[in-house]
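Engineer: Please see the structure below; I have some questions.
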Amino acid sequence: MPDVLAQTATDAAAHAAAANAVANSAATVPGAPVAAAPHTVGQAVNINPAFVLSKVETWVVGFQRLLPNIIVAVVLFAITFGVAWLIERAFRKWADQHDRANLGAVLGSLLKWIVVLFGLVLALTIVIPSLHPSDLVAGLGIGSVAIGFAFKDILQNWLAGLLILLQRPFSVGDQIVVNGFEGTVEWIETRATIIATYDGRRAIIPNSDVYSHSVVVNTARPTRRSQYDIGIGYGDDIEHARSVILEVLAKVDGVEAKPAPEVLVWDLASSTVNLRARWWTDSKRTDVVHTQARVLEGVKVALDGAGIDMAFPTQVMLFHDQTEETDGRRGKQREGWPRRPSGEQPQPAREALSFQPQNEKRPG
């Protein structure tokens, strides 16, 4: 008897559920009444002030719950920013003491922003507990690839500038020649090296070009050698000319005594014997240029006073009707021919034959 009653109760519950389902689906049965469509925006939105107030209240309550976390995050970020500023300042001061101001500016700024980024990540994890640092790191790893392709040139110049500052092949104040530009280094940035050219202009050279091209540092050492070729005639005394030039080099202001100046026979040219004068000066461009000007002026005056001819190129033209009798008249040679063994200077051009008409007979 109890089993029958239990089965009857179960059947009653099932019939009740079926009846409720039929009642709920009555609106979808064809012919059932359908609600009218809204005719205004207000009817469509159906703004319920109580609902809006409840939402605002929910936001306010949520903000109140997050407010302590926000305060802690702001304080933590401020402390981190202050620590980053102190690190940058300390690194710059250390770099200035070691004469590495450019390196201090670059690495100090890099360390500062690394610390600031670390503090920002910590602050975000405090405000948003569901945010994990590992997710941020993964996102940065994927984004760094896209950033690397987009800013390839900028990153290349930045890395080249960092290597230049670390290796220090030259520094601010050095006079260099790089990629067709010559001047004094004014500043080394992470993107470019700035030099002031000798004609008063400013050249901004990307660090990637500086790092990938040959660089000549003219002021790498305290002194620098200059040289100039001086041509004398084949009939002049080489040893006498050498002594005259060395005497001038010893007197010119700006020529270093050590290493000592020297004059070498450098070339036997078509019309001159070339003597190469070599001397050492201060490595700065101003000293090199002005000292060379004084040397050349002194050498010209001294050689003229010593009677040494600074020969110039000459060209001799021989015509087919000339004979040895006229060509061999050594006393009628032009200036520029070698001096005679007796030491006499060459004379003016040979005398020209007088003109005679063709119909007249020559005497004899």
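Glycine too: its Cβ is placed from the backbone N, Cα and C atoms.
The following feature annotations were taken from TrEMBL:
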| type | residues | note |
| --- | --- | --- |
| COMPBIAS | 321-342 | compositional bias 'Basic and acidic residues' |
| DOMAIN | 153-215 | domain 'Mechanosensitive ion channel MscS' |
| DOMAIN | 228-310 | domain 'Mechanosensitive ion channel MscS C-terminal' |
| REGION | 320-364 | region 'Disordered' |
| TRANSMEM | 66-87 | transmembrane segment |
| TRANSMEM | 110-130 | transmembrane segment |
Engineer: DSSP on the domain 'Mechanosensitive ion channel MscS C-terminal' (228-310): how many residues come out helix, how many strand, how many coil?
Structural biologist: 35 helix, 22 strand, 26 coil
Engineer: Based on DSSP, tally up the residues of the domain 'Mechanosensitive ion channel MscS' (153-215) by helix, strand and coil.
Structural biologist: 21 helix, 24 strand, 18 coil
